[in-house]
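According to TrEMBL, the protein carries these features:
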type: ACT_SITE; residues: D76; note: active site
type: ACT_SITE; residues: E141; note: active site, proton acceptor
type: BINDING; residues: H74, D107, E170; note: Zn(2+) 1 binding site
type: BINDING; residues: D107, E142, H368; note: Zn(2+) 2 binding site
type: DOMAIN; residues: 183-289; note: domain 'Peptidase M20 dimerisation'
Amino acid sequence: MTLPTDPAANLAALIRCASVTPAEGGALGALATMLKPLGFSVERPVFSEDGTPDIENLYARRSGNGPHLMFAGHTDVVPVGDEASWTHPPFAAEVAKGEMFGRGAVDMKGGIACFIAAVARHVESKGGPKGSVSLLITGDEEGPAINGTIKLLEWAAARGEKWDASIVGEPTNPDALGDMIKIGRRGSLSGSIIVNGRQGHAAYPQLADNPVRGLMTLADALLHPVFDKGTKDFQATNLEVTSIDVGNPATNVIPAKATAIFNIRFNDTWTAETIQAEIHNRLDKAAKRKKYRTGKTTAVDYELVWRDRPSHVFLTRDDRLIEALSGSVKAVIGRKPALSTSGGTSDARFIKDYCPVVEFGLVGKTMHMVDERVALADLETLTQIYRRFIEDWFERGVS
Ligand SMILES: [Zn+2]
């Protein structure tokens with residue numbers, strides 16, 4: 001039997017499955033076909049929730065005697081956009097000038113293809129790792145992410161699965177393979193501010209209460225002063241006001257209502273709870289300011305509504321895991337990667353509740369773009385890095 005040792009062949013098989021969220025598109029089936037000859041038991045639980053599409057997921061485990069390493073990722077991909085703008089069709093896996101084109105090439109079917117090739121090479125030459133290896137793959141990362149990684153982790157944990165470490169194969173490298181390992185992520189929170197005023201004639205402001213004045217006062221308090229200057233491991237906390245909406249087409253009418261929405265990315269100076277309290281505090285104080293509202297006797301009448309669930313900040317402090325990975329990068333490409341907590345959130349924020357987690361994958365430059373593509377040379381290099389990492393991590397034993 002031929003084992004899936006060639007990452008390019010693995011990736012081509014995955015790209016040819018049109019698995020735009022929430023469609024499975026055959027991608028999990030293709031994975032199962034690769035994993036079974038390697039000794040993995042494969043399960044494909046489907047999760048449902050009212051108001052969201054049913055999602056198929058995959059959990060595969062190759063059991064051994066020793067520690068348990070989990071590789072996590074997703075086979076769903078974002079839509080292709082304008083298909084006519086692609087140089088090569090998005091689900092054909094065509095290769096040109098040493099690059100394979102296709103949706104998901106780097107985000108993140110490519111990472112999965114390389115990890116499977118790495119395990120396959122280990123199985124072929126050394127009979128496979130001594131401990132257990134599992135793949136936790138969702139079909140719902142790019143979508144609502146409700147029937148994906150969170151439920152898959154709960155499902156596996158309820159069946160007694162325990163992991164000693166996890167690696168997420170998202171494309172973490174900004175420019176070149178080996179640039180960056182992610183060892184944590186900032187937290188994220190979004191909210192809406194609704195200011196209620198009193199409608200009136202722009203020429204008679206004393207008879208009205210312009211909510212735009214109130215909203216400007218509140219927005220100002222969110223932007224200044226800075227929340228912090230950053231920490232040893234994280235960049236500074238940053239808040240962006242992402243929209244201000246009044247919807248008033250008349251220049252001579254003071255509107256009745258104004259709203260703003262904002263997003264804050266916060267570092268480990270804060271928790272979701274303390275940053276929410278800080279924002280409440282700033283707004284309450286600012287609501288009493290007269291700067292833009294001279295002559296008004298009441299405070300700004302506002303409401304703050306938090307949107308979605310907060311993403312919590314985390315930092316992985318597992319030397320064995322981080323050193324095994326960064327050492328493997330150094331051994332294969334000759335330089336040490338930066339250890340970073342930059343960028344947006346990822347499914348690692350859910351995994352961190354179960355075991356230490358780091359992220360390392362391909363180069364992210366073309367992700368979500370037309371002509372998403374990966375250098376075949378990068379597929380081979382990442383496979384070698386993963387292969388070395390698997391060997392190293394199991395050799396180090398559980399600390
Ligand atoms: Zn991704």
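Every residue, even glycine, has its Cβ placed from backbone N, Cα and C.
Where the annotation comes from TrEMBL, it is an automatic prediction and has not been curated.
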Remark   = Note on Zn(2+) 1: the CB centroid of H74, D107, E170 has further same-chain residues inside 8 Å, namely G73, M108, G111, E141, E142, G169, P171, S346, G361, M367
Remark   = Simplified to three states, DSSP reports D107 (Zn(2+) 1 binding site) as coil
Filtered recorded positions, from D76, D107, E170, H368, whose Cβ is under 6 Å from an atom of ligand 1 = D107, E170
Task = Identify, among the active-site residues D76, E141, the residue whose Cβ has the fewest other Cβ atoms within 10 Å in this structure.
result = E141
Message = List the residues in the vicinity of the Zn(2+) 2 site, defined as same-chain residues other than D107, E142, H368 with C-beta within 8 angstroms of the site's C-beta centre.
response = V77, V78, G104, M108, M367
Query = Since the record lists H74, H368 as binding-site residues, which of them has the fewest other Cβ atoms within 10 Å of its Cβ?
reply = H368
Task = Among E141, E142, H368, these being the recorded positions, pick the one whose CA is nearest to that of H74 (Zn(2+) 1 binding site).
result = E141
Nearest recorded site to the residue listed as 'active site, proton acceptor' by CA-CA distance, among recorded positions D76, D107, E170, H368 = D76
Ask   = Considering only the recorded positions D76, D107, E170, which fall within 10 Å of H368 (Zn(2+) 2 binding site) when distances are taken between Cα atoms?
value = D107
Cβ neighbours of D107 (Zn(2+) 1 binding site) where a neighbour is any other Cβ within 10 Å = 26
Inquiry  = Is it possible to list how many residues within the domain 'Peptidase M20 dimerisation' (183-289) are helical, extended or coil according to DSSP?
reply    = 31 helix, 36 strand, 40 coil
Site with most surrounding Cβ atoms, counting all protein chains shown within 10 Å, from the binding-site residues E142, E170 = E170
Query = In whole Å, how far is E142 (Zn(2+) 2 binding site) from E170 (Zn(2+) 1 binding site) when you measure between their Cα atoms?
reply = 12
Request  = Using C-alpha atoms only, work out the spacing between D107 (Zn(2+) 1 binding site) and the residue listed as 'active site' and round it to an integer in Å.
outcome  = 9
Task = Do me a favour and check the Cα-Cα span between E142 (Zn(2+) 2 binding site) and D76 (active site); whole Å is fine.
result = 7
